[in-house]
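**Student:** The structure is given below, and queries will be raised subsequently.
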Amino acid sequence: MAEELTPENPAIPETPEETEEPIKQRKNGLYPGVSDELAENMQSGWADTELHDLEPIAQAAETAARRAALSARFPGERLVIPAGNLKTRSNDTEYSFRASVEYAYLTGNQTEDGVLVMEPEGDGHAATIYLLPRSDRENGEFWLDGQGELWVGRRHSLAEAGELYGIPASDVRELAGSLREATGPVRVVRGFDAGIEAALTDKVTAERDEELRVFLSEARLVKDEFEIGELQKAVDSTVRGFEDVVKVLDRAEATSERYIEGTFFLRARVEGNDVGYGSICAAGPHACTLHWVRNDGPVRSGDLLLLDAGVETHTYYTADVTRTLPISGTYSELQKKIYDAVYDAQEAGIAAVRPGAKYRDFHDASQRVLAERLVEWGLVEGPVERVLELGLQRRWTLHGTGHMLGMDVHDCAAARVESYVDGTLEPGMVLTVEPGLYFQADDLTVPEEYRGIGVRIEDDILVTADGNRNLSAGLPRRSDEVEEWMAALKG
């Protein structure tokens, strides 16, 4: 990683008249300063690289429709939706940036420091996207600042951004001042841009801002055709990532769970933007830890591998799929018994996903099957109705059986309870169905042979007009089909 050139005492003037923001300084740079001659040289001799007649982003029509729905919900109010800022990982390195879901959902843009402002206009709103313009050649920002274009890449001009996103673009450096002077009702999506929030401190309330956040969460409960297509892309890439993992299990045995994590990550970066969440590559007893993301344990033949992972597309839509695989390629008798119980529970859950059904129905259906098996195996005293009423199965099932899926792996999290978990399924909703059984290594209430076995099966289910469609059906689920699939991949 190259060291920034920014001198501690640059020769380039930094008065307010000559630059709107000071060049970021770096201590311990190797260059003592910038000569006037070099500064002048760097200001000129650059070709015009403005782009013209750009094709709008693929989802431009959808983002416009989403903004129209937002406008209709909050007439006469100024709405401010920030993308967020870069976050420091350590010293002068940053985490990879991911724009706020609310901002990306409404604009399609993923640029740090961006802000969407919806200004009341007539019966609706006029949208403006505020972005940082091209790096300034005059003040040295483009080559001296660690966030300048010669360091991190070319930015779109404001005109280019307007063409791409179908929204007029303005300089974000002018926004905070105009917001401070603005009058009338304002709402802002909180938690992403402290500077924008500070400019609105005396104009907003937490309660009103939460209403904006809730609306934008509930707006995503039903996916449009573009979103469904993106989720299918994410799932298809995820299927290929799972295939990649099976092919290298022998190498993982020689190293650790990290090899599995790295293998899947390669697929995610080659075909998508990233992984949608920290991959869970849990071998052996680690499968009993629901969100095992350390991925530093051994991979042993004879154990199970619980792989919970998803590719995120370039538009931020993520898959969320889990399979529990026999590392040797074949389930033991007990592993198969437990796996088949979870499979039966998932089958019952998926069958309950249909328009008009209660959201909770698929969870209840899955939990009933698992409770029946636990009673049948003598692990908990029946009858089944008693077990379910008291929630006794939860010692081994632990978590809810699914969640909404979209631009967040746990999508629509701010939605009202009555719209989500107490709501009714509609065509276009996408959710996971993911029952599991987890027998902890130190659980003395189960026979010793059960201890350390964890199984989860998870698929991404689209509610359709007449039932449902399993977006991740390309991955085998039944135990015998899993074994056949693994054998074919291993050759």
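Placed from the backbone N, Cα and C atoms, the Cβ positions cover glycine too.
Marked as region 'Disordered' by Swiss-Prot: 1-32. Taken from Swiss-Prot, the feature Mn(2+) 2 binding site covers ASP308, ASP320, GLU458, and the record attributes it to similarity to another entry. Sequence annotations record features per position, and here Swiss-Prot assigns Mn(2+) 1 binding site to ASP320, HIS403, GLU434, GLU458 based on similarity to another entry.
Describe the structural context of these features.
**Tutor:** In the three-state DSSP classification, GLU458 (Mn(2+) 2 binding site) falls within a strand. If you take the C-beta of GLU458 (Mn(2+) 2 binding site) and look for same-chain residues 6 or more apart in sequence within under 8 angstroms, you find ASP308, ASP320, VAL321, THR322, ARG323, GLY402, THR432, VAL433, GLU434.
Around the Cβ of HIS403 (Mn(2+) 1 binding site), the number of neighbouring Cβ atoms within 10 Å comes to 20. Secondary structure at HIS403 (Mn(2+) 1 binding site), as computed by DSSP, is coil.
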**Student:** Which residues, in sequence order, are found in the same chain with Cβ within 8 Å of the centroid defined by the Cβ atoms of ASP320, HIS403, GLU434, GLU458 at the Mn(2+) 1 site, excluding those residues themselves?
**Tutor:** ASP308, VAL321, THR322, GLY402, LEU405, LEU431, THR432, VAL433, ASP459, ASP460
**Student:** I'd like the number of other C-beta atoms within 10 A of the C-beta of ASP308 (Mn(2+) 2 binding site), please.
**Tutor:** 24
**Student:** Across all protein chains in the structure, which of the binding-site residues ASP320, GLU434 has the highest Cβ count within 10 Å?
**Tutor:** ASP320
